[in-house]
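Annotated features in TrEMBL:
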- 50-66: transmembrane segment (TRANSMEM)
- 75-92: transmembrane segment (TRANSMEM)
- 104-123: transmembrane segment (TRANSMEM)
- 132-151: transmembrane segment (TRANSMEM)
- 193-214: transmembrane segment (TRANSMEM)
- 226-250: transmembrane segment (TRANSMEM)
- 257-277: transmembrane segment (TRANSMEM)
- 283-301: transmembrane segment (TRANSMEM)
Amino acid sequence: MALPAPRWLRREVLVGLALGQFVSLLITSTGFSSSELARRGVNAPTSQSLLNYILLALVYGGIMIYKRQLLTVKWYYYLILSIVDVEANYIVVKAYQYTSLTSVMLLDCWAIPCVLFLTWIFLKTKYGLRKLFGVGICVAGVVLVVFSDVHASERKSKGPSPLKGDMLVIAGATLYAVSNVTEEYIVKKSSRIEVMAMLGVFGAIISGIQISILEREELRSTEWNASAVLPFIGFALAMFLFYSTVPIILKICGATMLNLSLLTSDMWAVLIRIFAYHEKVDWMYFVAFAGTAIGLIIYSYKYLSQAHN
């Protein structure tokens, strides 16, 4: 009699792992698109996200209308979620004007301890010492990236103002954490279709208002050729696919495996920097990556060991 396949070899887990690498590449591609636009002098971070919100509103809003689905959560919860999400995207995309692609990808790890803290305070989630120790190692890796940028700012590859860019990424990652926790709270009371639709509607409205105030002149002065339009479209499509895929991964594997999968986006970013930009990467980046990887493995050890039983 054949033994059943272990849990970690089951089809749904393998699908979840494959989708995890898919969204990891999507995150890397959004970073690549933002970095390319910054290199070409295009400064319109809100405009980059607008098309993504429009796609979410059209696709998932269309599904809601077709199904005649009514809202199950008050509209102002979605308004708050959308404001935080729009500003998080704005700040992180803005950071590409000041620091390197690799720094942005690594410093995004700051969202992890923020999520843990917010879920502990507001959702009453409990965390053991092992998880907290893993988070501490992740934070140490983040600090190491900032230290590297401050003490190696003379290299042009770092960007014109590395420390400013790093601080923007940390601020944006904090807002991402607030957005994720808020979305987790709403999803438990609603459906994925409703959340994506309302995030798209309010996100598009807020982005449109912000563009009219902050980026109107920038859009007028930009020369809209293929080198400017293609990164815009690529960013929007990658973001739309990312927003649409993440809930599926959460259902199959959970948030821990999602975070582990997204961690590989840091190494994809390093490869892009080496092979696409032909730039040298500071050795501290690899140490920081190793630290964040070890920290996340320690944090998720319990779930990984359970998956192999």
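Numbering starts at 1 and runs along the chain as it is shown here.
Quick reminder: no glycine exception, Cβ is built from N, Cα and C everywhere.
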For the transmembrane segment (226-250), distant same-chain residues with Cβ under 8 A (at least six beyond the ends): 16, 19-20, 22-23, 26-27, 29-30, 33-34, 36-37, 40, 42, 47-52, 55-56, 59, 89, 187, 192, 196, 199, 257-258, 261
Residue numbers, six or more beyond the limits of the transmembrane segment (75-92), whose CB comes under 8 Å of its CB atoms: 45-46, 48-49, 53, 104, 108, 168-169, 171-173, 175-176, 178-179, 182-183, 186, 195, 198-199, 201-203, 205-207, 210, 239
